[in-house]
Amino acid sequence: MIRYKSVIALVVLLALVAAAGYFAIPIIRQEVKLGLDLQGGVYVLLEAKATDRSEVNDEAIRGTIEVLRNRIDELGVLEPVIQREGENRIRIEVADAEQDPESVLALIGQTALLEFLDPSGETALTGANLTNARAVYDSQDNRPAVSLELDSEGAAIFAELTRSVAGTGIPIPIVLDGQVISSPTVRQGVVITDGKAIIQNVGSIEDAARIAGLLRSGALPLELERLEIRAVGPELGSQSLLRSLYAGGLGLLFVIAFMIVFYKVPGIVASISLTIYLLLVMATLVGLNAVLTLPGIAGLILTIGMAVDANVIIFERIKEEIRNGKTLRSGVESGFKRAITTILDSNVTTLIVGFVLFAFGTGPVRGFALTLVIGVLISMITAVFVTRLIVKLVVNTNIIKSTKFFGV
Amino acid sequence: MSFKFIERSKLWFTISSVIVILGMISLATLGLNFGIDFTGGTRIQAEFPEGTTNDQIRTALSNVNATDAQGREANLGNSFVQSLDEGAFSIRTLPLDEEEQDRVVEALETEFPGFTVLSGPDIVGPTVGAELIKNAILALLIAAALLVVYISIRFEFKFAVSAIVTLLFDAFVVLTVFSVTQIELNSPFVAAILTIVGYSINDTIVVFDRIRENLKFPGKDLAAKVDRAISQSVVRTINTSLTTLLVLGSILFLAGDTLRPFALPLFVGVISGTYSSIFLAGSFWHAWKLRERSKKIA
């Protein structure tokens, strides 16, 4: 006798899964963050070195990151990643393939320490007293220049400086990163009290804009050495993404076909819980704001194999119980119970490897480890709860009476 | 009814030893092809006109000079050039500064009409690679130590050591694949080795789980119990490997150059993991257990 209550429960469950998939997939597709390798962009790893102005310490690193952030914000890219790594390293990721790597590097490399020297050659004023810098065309010769505005303290020092050299023909050298870029003199009787100065001889208007941008974001407290630079073009990235998704999709179909041929009805159940598994993993990645990289996708594809494993262990155990003379119903019950310790021990060992990888790995290894750990955890949950629920519902409907449908 | 795995232990040990010796020969003669992540350097991936060969690219590069780490002038004709899919090539040189990079790109643009940079220039300093190896070995050691602790608690110490031996065998097979195929060793290599470590341990534990269960039943024939455990789990071991291989095979043949150097070692590693958990893990544990018993009797 067919139990309609279980049939209805099964149908409702399947409809829920289908609906969840239908609504979740577009959201996941929109929300998932792609790594540099998939959408193109620039990655730079820098090592901070002490300068005569600052030691490498937490404060100086924070200051450096702040300055770098200001500079990269000038590029107008979306969500650049600027993070400290270890003691003295800074990692920058600009996931914008349209961005020329050279322009990113030009912004990062320069210290941008601005100094005004007094007649004795000492530093009278630095960029720290700057409130604004803009690229302009000089009103006198109509050539590109950078106009500066100083704060009140800077304006007072600058007024004193101009008074001391006015009419003497002694220049006020303006030095950027140790190089004199402009040496204006001050005419007799002129005292500049409004804190406005101009740097001439800056080259093209683009150069003026770049220097103004660097000055606005402030000088880097530390010297930065480039340890690693990676640039990925947009075409290569999207090609890799498409091909690996295609490969993953096909692999998934093969697995589903294999499971159904080999395990019959439970194989269909495994395919359903595999779909649920993939939806949950993607939703978790989106929820954690994780960035999906190519090794991450590889890890994900690999966990498909491992997610199936839990189902295989269960179904093999059920078959064995039935062969040993148990009925379908009690075979399913004891098969699940016995399979769980196996699944637990084998997955905990894989999880240990995943956690260690995540803790000690860097870059691509971490992305891989994250998807591996999430994959293993969710595969355990779907195998133990989802597969069990559906198999039990199927058995309870009484539609399937022969153990033949369980591949025995 | 079960297959007599343990009776043929010597055969499995011989086969495994032969594989390890072949791997050592390959490592000693061919060595490993360390990539940019380990050696440091500059890498450019670019598209070339149809029919371009590695030699043509090397000839074009030999017209460009650069300064090496010791400050000497070096000819870029010795750079590592590898062909990828669809007319693309990967070029790895010693670390170049911006001006040298520009010269390389210029030289290639003049020689090959239609030359387009796909990715790079990537620049990796030599320290980064050394750290990668250091961190990977550290991660492996810590993972191994934690696995020994966990397996010793849930099973026993001998199972833990046997599992680690099996795992080292599989990791060595993956290393051998990198040597034989001369696939460039980059950071995905570290991920590949560690994945196989994770996969292999998972596979082995399922077999040990069954041995543990069978030990609870009456009977003294240890070999028969291990044989039964392996027979009981062999369909699962093979089916799981097959499903994983179906997915890895799709990546291997369809996902293109970026993932192939990662998928191939994994493919062989999964096969090795299957072999070792069926034939090596149980046999090793049994041989050790037997030696201990004979010592007690003597």
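Placed from the backbone N, Cα and C atoms, the Cβ positions cover glycine too.
Residues or ranges marked as domain 'Protein translocase subunit SecDF P1' by TrEMBL: A:63-118. The domain 'SecDF P1 head subdomain' annotation in TrEMBL covers A:122-221. Positions annotated as domain 'Protein export membrane protein SecD/SecF C-terminal' by TrEMBL: A:223-394. According to TrEMBL, the feature transmembrane segment maps to A:245-263, A:270-291, A:297-318, A:339-361, A:367-391.
Just going by CB pairs under 8 A, the stretch in A:270-291, A:297-318, A:339-361, A:367-391 that sits most against the transmembrane segment (A:245-263) is A:297-318. Helix, strand and coil counts from DSSP across the domain 'SecDF P1 head subdomain' (A:122-221) read 30 helix, 30 strand, 40 coil. Through the fold, the transmembrane segment (A:270-291) approaches residues 14, 17, 20-21, 24-25, 27-28, 31-35, 252, 255-256, 259-260, 263, 300, 303-304, 307-308, 311, 315, 367, 370-371, 374-375, 378-379, 381-383, 386-387, 390 of its own chain, all at least 6 residues removed from its boundaries and within a Cβ separation under 8 Å.
The average pLDDT computed for the domain 'SecDF P1 head subdomain' (A:122-221) is 80. For the domain 'Protein translocase subunit SecDF P1' (A:63-118), DSSP puts the residue distribution at 22 helix, 15 strand, 19 coil.
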